[in-house]
Amino acid sequence: MINKTYESIASAVEGITDGSTIMVGGFGTAGMPSELIDGLIATGARDLTIISNNAGNGEIGLAALLMAGSVRKVVCSFPRQSDSYVFDELYRAGKIELEVVPQGNLAERIAAAGSGIGAFFSPTGYGTLLAEGKETREIDGRMYVLEMPLHADFALIKAHKGDRWGNLTYRKAARNFGPIMAMAAKTAIAQVDQVVELGELDPEHIITPGIFVQRVVAVSGAAASSIAKAI
């Protein structure tokens, strides 16, 4: 019997080791898998490479992981904003590396990894510092930059509902990078508000099929509510 559900956050993040590359879902705090991140902090794993849309908000979720000193490098599209002071302080002190990737390229590089695409050409970033050291090519009179896929050892994502096969549905903006990150990682770990019985999820509403998800863990109602308030 296929059963991808885990009883606790701690068991769901077991096996994440020093030096892992981890994708973290979320657009700001929307869809941020805060409980999984807290579980990751508790493992004590260090020297992590984090791939995410931004570099943390306030002192929760991804920012808390940065505060714990667990991260060696961040790959993201939007590292600076009014509440990204944790990352800002670490970066200015030379304690963390940064790779900036334009948001469209970030999404496409993740999707390329999940789809088995070796590389792709994008016009975004041509002629800027972001294109330094990368192959360029003229196609139909326009210049493009060769972008490589982004793979990860693990993906931490947040979904609304899941079943024991790993099928997932999302709520509104919380969906964001979750589906493509699940495809691009060797092990996708999803925290959900509710685990439902097989057949309860309308196949037309399933965004991430279970084939792309290895672990599912339910977050308690109280914990989910506290995260929602933070969002």
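Indices start at 1 and increase along the chain as displayed.
Placement of Cβ uses the backbone N, Cα and C atoms for every residue, glycine included.
The CoA binding site annotation in Swiss-Prot covers G25, G26, F27, G28, T29, A30, G31.
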Among G28, G31, which are binding-site residues, the residue with the most C-beta atoms within 10 angstroms of its C-beta: G31
F27 (CoA binding site) CB neighbourhood, other CB atoms within 10 A: 18
Among G25, G26, T29, A30 [binding-site residues], residue with fewest other Cβ within 10 Å: A30
Collapsed DSSP category at A30 (CoA binding site): strand
